[in-house]
Each structure stands twice: as C-alpha cells, then as structure tokens.
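Colleague: Provided herewith is a single structure, encoded as structure tokens, for subsequent inquiry.
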Amino acid sequence: MKDIDMGKEYIIPSPGYRSVRDRSTIPGTHGDREDPSSGEQISLECQDALETAARVEGLSLDISVHSHLQILDEEHTKGKYHHGLSALKPFRTTTKHQHPVDNAGLFSYMTFSWLSPLAQVVHKKGELLMEDVWPLSKYESSDVNCRRLERLWQEELNEVGPDAASLRRVVWIFCRTRLILSIVCLMITQLAGFSGPAFVVKHLLEYTQATESNLQYSLLLVLGLLLTEVVRSWSLALTWALNYRTGVRLRGAVLTMAFKKILKLKNIKEKSLGELINICSNDGQRMFEAAAVGSLLAGGPVVAILGMIYNVIILGPTGFLGSAVFILFYPAMMFVSRLTAYFRRKCVAATDDRVQKMNEVLTYIKFIKMYAWVKAFSQCVQKIREEERRILEKAGYFQSITVGVAPIVVVIASVVTFSVHMTLGFDLTAAQAFTVVTVFNSMTFALKVTPFSVKSLSEASVAVDRFKSLFLMEEVHMIKNKPASPHIKIEMKNATLAWDSSHSSTQSSPKLTPKVKKDKRAPKGKKEKSRQLQHTEHQAVLAEQKGHLLLDSDERPSPEEEEGKQIHAGSMRLQRTLYNIDLEIEEGKLVGICGSVGSGKTSLISAILGQMTLLEGSIAVSGTFAYVAQQAWILNATLRDNILFGKEFDEERYNSVLNSCCLRPDLAILPNSDLTEIGERGANLSGGQRQRISLARALYSDRSIYILDDPLSALDAHVGNHIFNSAIRKRLKSKTVLFVTHQLQYLVDCDEVIFMKEGCITERGTHEELMNLNGDYATIFNNLLLGETPPVEINSKKEASGSQKSQDKGPKPGSVKKEKAVKSEEGQLVQVEEKGQGSVPWSVYWVYIQAAGGPLAFLVIMVLFMLNVGSTAFSTWWLSYWIKQGSGNSTVFEGNRSSVSDSMRDNPFLQYYASIYALSMAVMLILKAIRGVVFVKGTLRASSRLHDELFRRILRSPMKFFDTTPTGRILNRFSKDMDEVDVRLPFQAEMFIQNVILVFFCVGMIAGVFPWFLVAVGPLLILFSVLHIVSRVLIRELKRLDNITQSPFLSHITSSIQGLATIHAYNKRQEFLHRYQELLDDNQAPFFLFTCAMRWLAVRLDLISIALITTTGLMIVLMHGQIPSAYAGLAISYAVQLTGLFQFTVRLASETEARFTSVERINHYIKTLSLEAPARIKNKAPPHDWPQEGEITFENAEMRYRENLPLVLKKVSFTIKPKEKIGIVGRTGSGKSSLGMALFRLVELSGGCIKIDGVRISDIGLADLRSKLAIIPQEPVLFSGTVRSNLDPFNQYTEEQIWDALERTHMKECIAQLPLKLESEVMENGDNFSVGERQLLCIARALLRHCKILILDEATAAMDTETDLLIQETIREAFADCTMLTIAHRLHTVLGSDRIMVLAQGQVVEFDTPSVLLSNDSSRFYAMCAAAENKVAVKG
C-alpha cells in the first residue's frame, strides 16, 4: 500500500486505510497543483487535514479532479459532444485510469455489458470491497460538474437577478441535451412497444381464427414480435443509461455546489444543521431521481394518443371509451402523485426537525445522561416522529393508490369498453378483444411511470427550492480593505456592526449583556489620555439601542455589499451588537481584550474576521489570520494533523510548538503519541487539551495576525502561565495578537488593554493607564487582587520545576478512556463502520415482519395481495371465457334458413356475462382499497417500531459507543436509512409483492393454455437462476458500499459547519471542499454502479421475457387449430404483459433486498449495542428524599474506561462529609474528571464501590442516581427550544422559581428584554447567546434543580472576574446546605473550599484544608498556586 506523503513520513498507514488503486494524481497529496478557477498554485502544505478520516472509514481517494479538468480541457478542443459520439466508434482505445463506461461502445453502453467484469469479480469473491470498485469517471466527477452548474447559475443571477433567478431553469439547461436524447430513445421504446401488440399480435390472433395454415407468414409474425420487443428493451435500456449518468452528474454538481456555499456562509442560522444534513443526503438523492425518472413522463401522452387512435380504428367509436378511461386516469394519477409529493414535502420538514434534534441529542448525549434528561429528549423526538409518522401514513395511502392503479385501469378500461360495445349491439372477436387488451397493457406504461416521475419531479422541486434558498444566503467576506499606514494591522473607524439571525425566528438574535454590575461601584470620572483612552459618550442611549431590531429600511451597505453582495429585503434581520468602534492596532502589539459576559468581546473579533454585517463606518485589515476559538474546534484526525492543519511538516517548528503549548506530557500518555486519532469534537480529550491543540495549530500556521478568544480559560494556573509566557509573549513577539481573556492577571503584560462594555470600547490603554484612570477596569482588577490574596506567603521559585514533572505522568482520563482497546490498533479511536457480508439474512426479514405485526399480519397482507391480483386475472380470464362462449349456440334465422350464430351479441346470457365482468371490477377496487390501508399501516408500524427501538438503544448506550462512533454514522441511520425504511422500501416492496404474484398468474395462465410452454420455461429458469445469483450479490454489495460511504461525507459536513469560523479565518475553504469532493466521489462511485447494476440485470431479464413471448408465439403458430382463439389471445396478452413485468419484478427483488440492507444496518445497532444499567430498578429504588445529607464515600474505587485499558482511578478511598465544599485540583490526566464520570456512573467501576448517604450507587437505577445529582459542565450546553425548556424540560417549576433562578445568576434582565421572555427561542447550540451567557443559564438550571450534591466542572471559566465573583457568591449561598465538588484550573475558585483534594496519576495524593496545604511549601498544591499567585502579586 502506498503511504500518502503529506510532509515527510508523518502519516502512517492505519488498519482501516486501504490501498490506493494506481492513481496518478491523488487530491491533497501532491505539491504545487493548479486550481483552474483561481489560477493559484496550491502547494503541499495546503492539503486537507482530514485525510486521515478516510483511513478510518476504509475509503480511498479518487483521481484528482484537477487531472480530470486537464483531460476535459484537452477534449473540449475536439468538440462539445466528442466523447458522446465516440461511443459509436467500432474500435476504441483504453486510456489509463479510464472508467469502463467511458470506453463502452453503443451496444455495450445500452446493454450495460461494461459492468459484466465487475459482476464476475463479485460472484467469485462473494463480497465487494472499495478497491474492487472503479473510481468515478472523470465526466461524472463532482468538481467538473459543479463548475459547470456554478457557471450556469451565475449567468442566471447576472441575467435576471437573485429574486427572479430560477434554479429549475439552470438545472434544465445543465441536463437538457442528455434528457432530450433520452426522450428520443423513450419515443423509440414507446413506438416499438406499441407496434408489437397493435400490429403483430393482432395479425397473429387473426391467424388463429383463420381456417388455413400459413407457416411462413406466421413465423414472420413471430420474428416481427421478437424484433419489436428487442428494440423496445434495448432502447429503454439506453434511456436509463443516459438518465443515470445525467443523474449522477447532477447530484454531484448540486451537492458540491451546496457544500461550497456552506463553506462561504457567514453563519447557518437560517438553516439548522439537521436541514443541511438532510439537504446533502436526501435532497441530493431526489435530484438524482428526478434526472433518472422524470423524463419518462414524456412517454405517457405519446402512448395514450397512439392507443386511442388505434382502438378507435379497431372497435369504432366505442374505442374512445377505453382510451378515455386512460386519459382520465392520467391526470388523476398526476393529481394523486402531486398529493403524495405534497405530503412528502411536509414529511421532509418533520424529518429535518427530527434529524436536527437527533444531532443535538448525539452531540450532547453525555450532558443529557448526567442530567437524567433522557426521558425528556426521548419524548421530544417521539413527538416529532409521531407527527412525521402521521404525514407518512397519508402519503402512503396515496402512494399505494399509484402503485396499484396500472393493472386495475386495464380491467376498468376493458370492462367499460367491451360492456358498452356489446350493449350497443356491436360484435366482438377474440382478435379484436385481446389486441385491444394488449394495447391497453402497453398503455399502462404511462400509468406505471407516472407515479415515479411525478413523485420524483415534485420532490425534486421541493429540493430545488431548498437548494436555491441555500445558494442565496449571504456569504462571509473576508475584509479586503488595507489600513492607510503600513504599520497598522487592524483599523476600525466608527464601525457599527450587527449579527444576522434567522428571519423566521420569533425573536431577534441577542448578544445581550447580563446586568451583573448594577448597584456596584459606579465608574468614576474619566480623563482623556494621550494614548486615546476612550470612554463611550453613548452610555445614555445604550439601553435604548440594546436589543433594537433593525428592519430592512435601516440596513446600510457594507463594503462587501458595495461590491454587489446585498442583503435581500426580508431575508434576514440584523441585531446591532457593536457600536461606534474606533480602533487601531499596530504591528507586533499584544492587545488584551476584556469585559463582562456579553459585552461584545467575541463579537469584536468576529467583526475583524468578517463574520458580522457592517452597518456604518469601515474596517481595514492587513495580514493573514490565525484563530483560536473560545470553544476549540478539533477534527476527527490525528493529533498531528490537527496541529499541521494541512501545512507541510517541519520537525523543528513542530517540536517547538509542542513545547510552547505544553503538549509533550500529553503525547507521553497517548497510545500512539501524536499519531493518536482524536475523536469527533475532541471527544477523547479534556477541555484543556483541546484548547492547547487549537493554540498549537495557530502557532504552527505562522500567520501575521493572531486572534485568541479566551484560550487559557480551561487551563490550570501553571500551564496557563507557561503558555502565556512561552507561546503568546515569546513565540508571537513579532506578531500582532488580539488576546481575549477573563483572567485579568495576564493583561498586566499586554502592550495595550481594551475594556468593552455593552458593545462599546469604553476604556483603552496600557494596564497602568487604565489602573490610573480608576474606571471599570481598575474596579474589577482590584476585585481580583482582593479575591485571590492567599492566606500565606508563597515562594514561586519552584513553579517551573517540580510541578511540571507531575504533569508528565499519569493517564489522562479524557484521552485514555476513549482509545481503542485492542493494542494492535493503538491510536485508532473511531472504529471502521461495519459492513454486512453475504446475502441479507432471513433474520432481518423476520425482524421486519415481527415489527410489522407478526406472521399473522404478514399472512393477511399476502392473502389480500393474492386476492387483489387474482381478481384482476379473473376479469381477464372471464373475458376470454365470454368470447369463447360466443353466441351460446343461439340459432339465427335468415329467411327460411337457420344457422348457429358465432356472434357474442346473440348470446342469450349477455347480461349475465357482462354483469359478472363489471362485478369483477367492483370487487377488485374494494380489495385494492383494503389491501392499500392494511399494507401502509403494516409497513409504517414496522418502520416506526424499528425507529423507536433504535432510538431507545442509542439513548441507553454507554458513553464508549459515542466516543468511538462518528455522529455522522449514527445520524446516517436516522436520516438516510430511516428514509429508505419509511418511504422507499414500502414503495418497492408493495410493487414487488404485487408483481411477483402477477408473474405467477401470468405463467400459470399461459401454461393453462399451452402446457408444453412449461418445457420451454425450464431452461429459461436455469438462466434466470444464474442471473439472479450473480446480480443479487452485485446489487447487494454495491448498495452496502453506497451506505457506508455515505457516513464519512455527512460527518465531514457536520464537522465543517461546526468549524466554519476557523475554516474562514485560516482560509482553508478550498482544502475542505477538495476533501468533500473526494468523499462525495467515493460515494458516487458505488452509487452509480448500483443503479447501473439494476439495469444490467433488467436488460438480461428482458431477453428471458422476450424468449417467453417468442415461445408463446411459436406455440400459437405450431398449434394452429388446436387452441380456441379466445384462449390464444389470453395467452399472448399475458405473454406480452410478462415482457416488462418479469424483469421489473426480478429487479425489484434485488432492489428490495438492497433496501433491506438499511433494515439490516438498523437491526445491527438494535442487536449489538450494549446497554447501560436500567434507569430504575424495581424494589431497589432509594428513598424519595434520598440523599438527605449528601455524604460521599469512595471505597477502593477503581475505574478504567474500557477493558484492556489502564486504570484511571486506582484504589481511591476518601469520605466527603455532608455539606462540605471540596476543591479538586490536579494536572492534566490526574483523574479529576474521572471522579465525576464514576459518580454519575457514565463509566462503571472496575472495583470497589461508591456510596452516597450509605447507599451503594451501583445498586440503584441510573435515573434514580443522576436525577439526585447536579452538574454545571465545563462547556455550557443549550438546546434548541425555548429558555423555559432549557431550564425546566419537565415543567416541574413555577414561573416565579425560574425568574428567581435567573435573577440570582444575573440573567433576569437579559431574558426580560426578549420579546417572548421565557418562551423566547433558543437557537441550535445556543448560538444567540454568548458563551458566558450560556454558562449563566446552566448555573440557573442547577439552581432550579437544587440537589444535595453539586459538581462544578470549571463552571465559571468563560466569565469575567467580576461576574465570576458574583456567581461564586451566588453558588455559595444557594448551595450552602449541599455537598459541592469543584473541579477547577483557576485555583482562586477553590481557595475558599473546606478542603482541597489533589489528584495525581489516578490517586488522591493530598486532601486537606487550603491553609494546611499552603503552609507546607513542599506540597503539590503549594507548587500549583505559586504560578498564579506570584503573577498577580508581582505584576498587580
């Protein structure tokens, strides 16, 4: 296997990574490549850091899209249709890396023979791996087609403007040449399909009525029948061949264009993450289906007109009746299909909501489990699912009508036509009757494809609207204006900026400031300093401006808008956040930014990064950015790749960065050092590790401007000091650095300090100048000094020595816990997605049957299907029987002569035959309605039960499952797989069951007329068996590959959306786009082959069907005079019907099995996922008022995160007294977070026990335990919904209690400003609140809960010092009678604790009062305090 060279030898093969198959150019692996659109050279260091994700998923990298473009450019000079026309050449040469379809001749192309070698490979191996699959053709590559679609869309926008622009017209132009050609092929199919029944079958049946035999003439008729069927089959195959390639090109183009747009968005507030995932999974599929099936709609009117004309010629005026039935049914089917599409459209919205909520649940599952909110979220998802199910049921009824109409309409048309024809006194012969019936059968093609076509076009129409709304969203524009002075890096002049928020939101999107300072020290008089010390003159009007919603008339153009990018009227609302910002930052300056929670610090740096809308003033920037977000964004890649972020590996610089960011000790405890794979969102890292990796990425990038948003908040004092001095002050000495922080001691060393308040810069200058100003800054800094003065003197000389050593050892619980247990695969965290092998086991079908209601329900459904098809067959047989009876031996008198009549109109029982014939139609309609209702209810019950059981299993899975499984993979089960089970599987299963029974009836009818027919069926059955065995494996394996390649690109979308700000700042859009194109093309390759494999089978099955109809024709010829013409007509009509039906049925069998792989994947999770302990254990529930005291006892507690991993807690024993306040400190990897994991039983103990008030927590249910504990997490978590639902999901508290909690957390005024107060919307991830505000709401949530035991995990890290002090005071008061465990890195937050617990290497090494520990200068706690305390004491 080739290693991918991304900078020396730093990427090594992972077990999940497969060979790259002799590809000359691999995206993201070769240096110096040219982007045709920009002409820029993209060197090796600009490659996508997500390369390694492919290894985990077992994916390959396709031929470079750039090499594609080069080849296409060369071919473009030969003519636009050169490649298409070259298929007509009798001799062709194969070029390297060419997809077989590109080299296929016309015969091979339309019969899909180019796919046969792959079918042979699969048959021999019994399975299919990605290395067996050809890379996607250069003509189908997503990049090539995206560029074309993008150009067409841009031309449309330029021509008519964004409001009038039609994406439908653009899509039509994109596809039209190939679609027109496919429609021409479809016309040939229709003409051939019509000619056989209309002319050949008619003459053949007339021949059976003739008394004389003419063998030569009759054999020519059979030959004609054979030829028309072959032309029909192959021209239809060519239609599909063209449509499938068109569909794949359109899907690749529109999905790539969508992701390209996502990467350019300012924010995604108008689109939820669930909607974007749905767009990129289901909507892309709908665009493909529209291109593949939509053009078949054109065949309907043609065959209807031809059939009507022909029937009138055969029967006279009554021929209009049957055609009228078809003509009436055609718009009726269109209407029903549109109704189906309407309900599908409503269902899509419900699915979006469900997927979004599922994504939220999966993202914050740890928090949901700890808060015992599993039931609340389960009910929320179930409520959405119930609404989705209700809509699906309505859509299912209409869909069932469309499936069953085709065979019914033939009977209805026949009954109406022949009954009226006979009633009016016209005669009817077998040749006439069965020619008309056969023509009716050929006309059903229009009705068969109508539900597919209309459904696909209607759903695509919805998808197009969603894509268009995405394409018209406002893009982020990096600031291009340069400051006037070369020494100035950032310049803002009188800048007023606003955040964009969703237009549909019930509220504005506030970045509000909690009024934490009211009744506090008022700012003293301010003086104007020479260094432009600023205090805003707008304090009087801030309250009025705050929360002011800007309507469209208030929108003012930004520099970006002046370049043609405008905010469209009514498209969004703007929330003013920053006011009249005047700022100049010189090159090489370290600028500290501070202020209270929600004061606008993050907004200020977002404005500099171009993330906000400029309303007034100007912004100018000179240089490139490196950005460290407040909540670190970590890729699912190796630790090294996260730091390199696509740049070339420079060992010296890399090692220097590791040292500056204190990452060396962490590498020592990771199983594969810096090549250890990091989970999604840094799942196997602590908050501090994530932040340091994010900082290391910035340092390694070597940019000119560094924007650091509170990068030290999650770090302990020693590490924070080291990083500030070594990384920020020393390493970035010559760089321009914007350093946002709440830890004011660091501002002492900044060249300049900016203090923000309510969206304005109120103070600015050096630390000394601001202290002399004696304003807000001096007030909060003095509070810091007062609050942190230790009771004993600390000598800080030891800070750099002894304390560092303890960090080098000991397993880091957050990292060790989620590693792969098997040592041979060290460093690999995310497990390769399982892929089923062999055929779908019967147990999967049994699971589906059981979910649908059990064997009895299945038997009832099957009986209804048989009765339904049987009633259709009976009506046709009754017609032949009626014709055979003729006059019923009635005697006709002509003058003096009498003779036996042959005319049916003379039959004395005419009314009897006609009544039975009409009654059969009524019975058939009733049975169809009953069958439809029962089938829809059964399949929906199955899909709903599978969904509910899957959801239950996922929610009850232990944390190790979520740590080793990408969210995209789990979401794939709930989005694409559930879509298959909800919609596509029932649709195809219904047709399959109906058609397979119909096939047996057809063969039975023909065999009843010609018993010798069964002799010919024998060899054909052998051929069919061989085909079925080969195709079944091929189709099933390709479908499985399609399923597993879907997950990585969905994960990539999710990850990219979460890191949009970072991607923008580092200007890595192109690299992430290339990675997406690779993942999409890897999915498109098996997806395209899967669709082609269906037609490969269909063409070959059609040959068997043609053999059957030819055999029937020969039987009629050779048994001339032995068989009544009525029965001969019956046989030939069923034989003609069998031609398309047989291949369609067998293809449906393979496709239905392929769809069942989604059931298999869902069932795999249901059967294999291990479960946590029960939520409640009967007879073991603790007392209702437990715990009364809050005493916690650990007795020799041992814990490891998975088997075969080292212990992270080693025989830990201690007792925490009731109401005691404990501070827990320790270096990274010491086991602090593991204590919390053990207490909440997120991981079960390996040994020992934990007791709360004497009750062993392992003996009670998880809900009983977790509901009695409260936690305020390190990273604040808000869910989409309302403020109330975030604080009180179970509606347990009164409004007064909620407002009281908000007041005590200083969020009351913030929430009171919102239009809907407690019912105001909280956006996904709480994006309409700052990180500090989110944390305050989390504290309010804990206040409401008021448990006897509270764990604070660095709960106030995202707050300014003053808010921190106020909140600490609130917590002390509110939880005075509670046992409180505080895990902290900022040591001043635990100095007031009753006792301090110091952990090292999973053991308690010190546990005493702060005064005792600080009086011992050799204690670990003393050494840890030295860094922070010394800094404030000396510099302050």
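Each residue, glycine too, has its Cβ placed from N, Cα and C.
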Colleague: Tell me which of 358-378, 400-420 corresponds to the transmembrane segment entry in Swiss-Prot.
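Modeller: Per Swiss-Prot, the stretch marked transmembrane segment is 400-420.
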Colleague: Suppose you had to name the range Swiss-Prot annotates as transmembrane segment; which of 608-628, 1343-1363, 1364-1384 would you pick?
Modeller: 608-628
Colleague: Let me check one thing: do the transmembrane segment (916-936) and the transmembrane segment (219-239) come into contact, meaning three or more Cβ pairs under 8 Å with sequence separation of at least 6?
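Modeller: No, these stretches are not in contact.
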Colleague: Just counting, how many other CB atoms are there within 10 A of the CB of Gly598 (ATP 1 binding site)?
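Modeller: The answer is 31.
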Colleague: Report, as numbers and ranges, which residues of the same chain sit near the transmembrane segment (400-420): CB under 8 Å and 6 or more residues beyond its ends.
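Modeller: Sequence-distant neighbours of the transmembrane segment (400-420): 311, 315, 318-319, 321-323, 325-326, 329, 333, 336-337, 340, 428, 433, 436-437, 440-441, 444, 447-448, 450-451, 455, 868-869, 872, 875-876, 879, 914, 917-918, 920-921, 924-925, 928, 931-933, 935-936, 987, 990-991, 994, 998.
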Colleague: Run through the Cβ atoms and count how many others sit within 10 Å of the one on Gly600 (ATP 1 binding site).
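Modeller: Gly600 (ATP 1 binding site): 26 neighbouring Cβ atoms within 10 Å.
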Colleague: On the three-state reduction of DSSP, what should I expect for Gly595 (ATP 1 binding site)?
Modeller: strand
Colleague: Any chance the transmembrane segment (179-199) and the transmembrane segment (317-337) have 3 or more Cβ pairs under 8 A, given the pairs are 6 or more apart in sequence?
Modeller: no
Colleague: Which three-state DSSP class does Lys601 (ATP 1 binding site) fall into?
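Modeller: DSSP assigns Lys601 (ATP 1 binding site) to helix.
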Colleague: Please work out which recorded stretch in 426-446, 996-1016, 1101-1121, 1126-1146 has the most C-beta pairs separated by under 8 angstroms from the transmembrane segment (219-239)?
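Modeller: When the Cβ pairs under 8 Å are tallied, 1101-1121 comes out ahead.
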Colleague: When you measure from the Cβ of Thr602 (ATP 1 binding site), how many other Cβ atoms are you left with inside 10 Å?
Modeller: 24
Colleague: How many other Cβ atoms sit within 10 Å of the Cβ of Lys601 (ATP 1 binding site)?
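Modeller: A count of 27.
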Colleague: If you draw a 10 Å sphere around the Cβ of Gly595 (ATP 1 binding site), how many other Cβ atoms fall inside it, taking every protein chain shown into account?
Modeller: 28
Colleague: Below 8 angstroms Cβ to Cβ, which residues of this chain, lying six or more residues outside the transmembrane segment (1101-1121), approach it?
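Modeller: For the transmembrane segment (1101-1121), the sequence-distant neighbours (Cβ-Cβ under 8 Å, at least 6 residues beyond its ends) are 204, 207-208, 211, 213, 215, 218-219, 221-222, 225-226, 229-230, 233, 237, 1006, 1010, 1012-1013, 1016-1017, 1020, 1023-1024, 1027, 1128, 1131-1132, 1135-1136, 1138-1143, 1146-1147.
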